[in-house]
Each structure stands twice: as structure tokens, then as C-alpha cells.
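> If you scroll down you'll find the structure; I have some questions about it.
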Amino acid sequence: MDPRHLLDLDRAHVWHPYAPMPGTVDPYVVESASGVRLRLAQPVAGRDELVDGMSSWWAAIHGYGHPVLDEAVRAQLGRMSHVMFGGLTHEPAVRLAARLVEITPEPLQHVFLGDSGSVAVEVAMKMCLQYWVSVGRPAKRRLLTWRGGYHGDTFHPMSVCDPEGGMHALWGGVLPHQVFAEEPPGGYDAPLDGAYAAHLAELIERHAGELAAVIVEPVVQGAGGMRFHSPAYLRLLRELCDRHDVLLVFDEIATGFGRTGELFAADHARVSPDVMCLGKALTGGYLTMAATLCTSRIADGISRGEVPVLAHGPTFMGNPLAAAVANASIDLLLGQDWQVEVKRIETGLRAGLADAASVPGVHDVRVLGAIGVVQLDHPVDMRAATAAAAAEGVWLRPFRDLIYTMPPYVTDDTDLGRITAAVRAAAAAG
Ligand code: PLP
């Protein structure tokens, strides 16, 4: 299709994420993707391909068109692309569930294979609420989280997103009313703040009788503001939740599979949650699948309840194609020295973004694992910043006051240099 015609149809009919209808900003038309590059149907700023600095929103950790992942999908396609999961099962899903149990903290034993990150969070919340109903404590039905988080766009996850500055402020009146703690102070290396610890302890103690669970994004708060927290706060949460009989949920949808330098962000603190949500990089970014893992305590509690089933079952649950590519993606990741690659990217991001701190209008520069963030002291001009990155041959998607990158782990040092140059250029332009 002629790219101009395609864009006309797109503007008229296609709703993009967080966009008005009809669209006001033309998206770049991607024709194909290979390695770390997106090939464009029509050049932007003289570039017909862009290095992807976003890993398709945290997901494409091995880049695009990886031969091993392509083959996994092809082989599975030859057997079966989909089959319902109610009353039927299959090897790709069973292997995946067993593998996830093996690589996540030991108490997590049971896996629900849903079809998106938001659903994984819905399921996590449902597990927690239903557990307390099943064991005879139905008053425990609220969630506590700290401000500044992001857990998805469906209604229950929206209720634990940042209530003010966040993306779902519009819905304040109709969402379940949750308990919000302040966000932990300081960055990744900050020492535990005593006053903050007391605030968290007081809030959890005060609400313990009505709290089903605490839910947080461990170590890195993603779409809510790309902020890093000390792992010490995860240990504190574990301690407080144990003391007050509240479940602990880690949403690792963005952080899972090595992004922060540990396989899971929980590993920074050596803490195990009661429930863990995974998504995004689970399938190497190939297909939509997410997982919610829980302990035997929760599964047994639900299964002994008055309604002894977890009442959730999406049509595409456990999809064999997605499970097959997830298995291949995990094997690919763990079959190599992935920590060396993530460390290499971290080093490259630190070196390449250090100068950005002196760009006028830059408030903060922070790097953790394969995540680099430049925070401005003003809202970013998205169009100008995106175009400045494209002129450097790089795809970035700034938002709010943030220009950030989380490149595929296969990005080589030359392309990494392009990405950091593009972040600096976007910061100067935005
Ligand atoms: N939780 C976190 C931490 C996320 O970053 C996201 C997506 O950005 C979600 C949940 C929602 O996932 P999905 O977009 O697949 O529904």
C-alpha cells in the first residue's frame, strides 16, 4: 500500500495508544524489522531505517527476526497455532509454566498464562482478593501501593496506578479506592530512609484488616516516571507484609528477564513475593502473553474455598505459539552470558549519557541495567524530541518529562553509541 494512503486510512480509522481520534501526529510506517533495526516505508529525516532504542516497549530483548525465535514459531505453527485451554493442555504451555517456576523465586509454584500484562495484574489482584474470601476474611479487599506506579490500562490495575500525575487520573471517581503510600525517596543506591520506613509501617499496620495485598513495581517504576528505588524497600515491604498478614505482589512485567541487571528485579533484594506478574519480554516481544505466578498458600487457599476455582479464563490463554516462542526466548537468554551483555549496555549507557547532565533543561540522568533515563525539568516536546532522535537514526518515544531508552540486549556498541547520541539530541531538542 502506498505509505501516504496508508497514513490517511490510519488517521481516519486506527486508534493508537494514548492518542486522539482522528490522529494528530503521523506515526512512522514500519515495513519490516530485523536485528535492532526498524525499516521505514518512507524516510524520516532522511533515514529509511532506525535503530530501536525502545525494544518495542521493553519486549524485544533479542531484537527482531531472531532465527531461533522465528524457527520456534514456525515449528509450532506446523503443529497447532491455538487450541482452547479449558479441558485441554499442551506441551508448550506446560514446559513454559515449569520453566517459570524453575527460574523465579522458589515459593512461586503455580502459573496462570494470560494474554497481556494488564490481565496478568488483574489475575494477581483476583488471586489475592479471592484468597482472603476463601479463608474467611472477605474484608481484606483493598490494595496498597506507592505513588507513581503503572500497572496497566484495565480497570482494576488502573486503580493502583499513580492517582494524580498518572495516566488514569480521569477515572478517579469510578475506580476501586486503594491505599497509597508515598513513593520511596532516593534512587537505587539510596540508604533506607527511617522516616519513610515509619510511614510505610504505619500505613500497612493501620489498614492491615482491609488490605488484601501490597503491589509494587520492584526497583524500577516504569511508565509512571522511570524512577529507581533501593532494593532495601522490597525487603522492608516483605517484612511488613509478613508481620501484618498482607500478601505481596511484584509487578515484573517491565523489569523481568534481565532488564535491570538481575534476572528479576526481586533478585536485587533476594526477596520473594507471594505473587509475581510477568509479560513483555516473556516471549522476546514476539507474541502477546503474560504470566501470573503464585505460592501454594494462595493456590491451596483458593482451591479450598466456597468457590474452589480461580474464575478467570481468557480465550487465548496459554496460546501454543506464544508459549513456544517464550520457551525459546528464555532458553536463548539463559543459554548465553546475558549478564555480561546487560552490563555492557549499562556501561555504554553510563558513558554515553554522562554528558547529557550538562544539557540545559536536563534535571537528572540515571542508568540501571539496560535502562537509561534523561529527565528534563519541563514537559518534553514529543514531536521535536522524536524527530531529533530520528535524525540520529534512532527510534525513541519520549513522554512527560522523560527521554529514555531500553535497547535490545543484542545492540552492539556502535548502535549503542547512536542511541546515546540520539537521547542527548532529543534532550537538547525537547
Ligand atoms: N505493568 C507494568 C509494570 C507495565 O509496565 C505494563 C505496561 O507497560 C503493564 C503492567 C501492562 O502491560 P500490558 O501493556 O501488556 O497490558
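Residue numbers in this text run from 1 along the chain shown.
From the backbone N, Cα and C atoms, a Cβ is placed for every residue, glycine too.
Quantities reported herein were computed from a predicted structural model and do not represent experimental measurements.
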> Can you tell which of Asp251, Asp364, Asp377 TrEMBL lists as binding pyridoxal 5'-phosphate with Gly117, Ser118, Pro314, Thr315?
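Looking through Asp251, Asp364, Asp377, the residue TrEMBL assigns to the pyridoxal 5'-phosphate site is Asp251.
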> Considering only the binding-site residues Gly117, Asp251, Pro314, which fall within 10 Å of Tyr150 (substrate binding site) when distances are taken between Cα atoms?
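If one measures from the Cα of Tyr150 (substrate binding site), the binding-site residues that come within 10 Å are Asp251.
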> So which binding-site residues out of Gly117, Ser118, Asp251, Arg397 are up against ligand 1, CB under 6 A?
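Only Gly117, Ser118, Asp251 qualify.
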> How far is it from Ser118 (pyridoxal 5'-phosphate binding site) to Trp57 (substrate binding site), counting Cα to Cα, in Å?
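So the Cα of Trp57 (substrate binding site) lies 14 Å away from that of Ser118 (pyridoxal 5'-phosphate binding site).
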> According to DSSP, does Asp251 (pyridoxal 5'-phosphate binding site) fall in a helix, a strand, or coil?
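Note: Asp251 (pyridoxal 5'-phosphate binding site) is in a strand by DSSP.
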